[in-house]
Amino acid sequence: MHIKLANPRGFCAGVDRAIEIVNRALEVFGPPIYVRHEVVHNKFVVDDLRSRGAIFVEELDQVPDNVIVIFSAHGVSQAVRQEAARRGLKVFDATCPLVTKVHMEVARYSREGRECILIGHQGHPEVVGTMGQYDTANGGAIYLVEDEEDVARLQVRNPVSLAFVTQTTLSMDDAARMIDALRARFPGIGGPRRDDICYATQNRQDAVRQLAGECQLVLVVGSSSSSNSNRLRELAESIGVPAYLVDGAQDLRREWFDGIRRVGVTAGASAPEVLVRDVIDRLRQWGVVNVEELTGREENITFSIPKELRVVSSD
């Protein structure tokens, strides 16, 4: 059995930054550090941070006074920010800068009184946070659409003053279809010059396309709560290749590999490389004789952390 590794895979710049913010806060201020929502959607990462003193909560009413709280990489609504400010909580914001970019677009449309349509998955924390950037007090409204049927049913107040944004972790193919449907339904709709899907999501989906073209089965290392990891599995399946989403080596099943000679392995943007290596080690035990790293788009993007956390070790 032969393994091909997708490239790029695993952590993106936004995830690196979010995890570093929690780690640095623990180092500088000591535990407990409160984090609103899982800082990234990966069980291994969250369990590790929890073991070192991070406390994960879903709402600020679970956070006591006079503590440090970190907002997750997915972003939060303006109402959450206002509540934190009202209570005087010390906040470090781990929102991915590419999500913040979408937030700024939505806030601008709101200020202009322009209606906004968000393409995304209902209930996902990024979507909740993005919807919460829109202030209807200026006379506009924001709408969420998940599929083309939603677009067909959507009734807006003012189709000539309308714009769209997208969740950053969507399938590129699905987003393109949705944007086409919106433009067909509302010819005057505005939006970003390109969709808001982030560079890491695009690169990992492109890498999976290559992987699926060369392999008989694809493994995606990532948690079931991770939107971008689920999209990678769905993309491989849409190409006609069986694909499985696994949190780690413990989720592998030997029967998946009966008659399989070429296995593709990738990882979602919130999955650490150590989990990929664990999967490879397990597959070596089951007969893998060769591991090949595919070439792919190089990623050299980094995002800075808050100044207060940029401490230099005294070691």
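Placed from the backbone N, Cα and C atoms, the Cβ positions cover glycine too.
Here Swiss-Prot flags Cys12, Cys96, Cys198 as [4Fe-4S] cluster binding site, drawing on sequence analysis. In the three-state DSSP assignment, the secondary structure recorded for Cys12 ([4Fe-4S] cluster binding site) is coil.
Swiss-Prot lists His41, His74, His124, Ser226, Ser227, Asn228, Ser270 with the feature isopentenyl diphosphate binding site, giving sequence analysis as the kind of evidence. Cβ environment of His41 (isopentenyl diphosphate binding site): Gly222, Ser223, Ser225, Ser226, Ser227, Ser229, Ser270 lie under 8 Å away, each six or more residues apart in the same chain. In the three-state DSSP reading, His41 (isopentenyl diphosphate binding site) counts as coil.
Under the heading dimethylallyl diphosphate binding site, Swiss-Prot lists His41, His74, His124, Ser226, Ser227, Asn228, Ser270. Neighbour list (His124 (isopentenyl diphosphate binding site), Cβ cut-off 8 Å, at least 6 residues apart, same chain): His74, Gln167, Ser227. Reduced to three states, the DSSP call for His124 (isopentenyl diphosphate binding site) is coil.
Marked as (2E)-4-hydroxy-3-methylbut-2-enyl diphosphate binding site by Swiss-Prot: His41, His74, His124, Thr168, Ser226, Ser227, Asn228, Ser270.
Residue density at Glu126 (active site, proton donor): 25 other Cβ atoms are found within 10 A of its Cβ, drawing on all protein chains shown. Under the heading active site, proton donor, Swiss-Prot lists Glu126.
For Cys96 ([4Fe-4S] cluster binding site), the same-chain residues that are 6 or more apart in sequence and have a Cβ closer than 8 Å to its Cβ are Gly14, Val15, Arg17, Ala18, Ala73, His74, Gly75, Thr168, Cys198, Phe303. Summary of the [4Fe-4S] cluster site environment: with the site residues Cys12, Cys96, Cys198 set aside, the chain residues having Cβ atoms within 8 Å of the Cβ mean position are Ala13, Gly14, Val15, Ala73, Pro97, Leu98, Val99, Thr168, Thr169, Tyr199, Ala200, Thr201, Ala269. Apart from His41, His74, His124, Thr168, Ser226, Ser227, Asn228, Ser270, the (2E)-4-hydroxy-3-methylbut-2-enyl diphosphate site neighbourhood in this chain, defined by C-beta within 8 angstroms of the site C-beta centre, holds Val40, Glu126, Thr169, Ser225, Ser229, Gly268, Ala269. In the shown protein chains, 28 other C-beta atoms lie within 10 A of the C-beta of His74 (isopentenyl diphosphate binding site).
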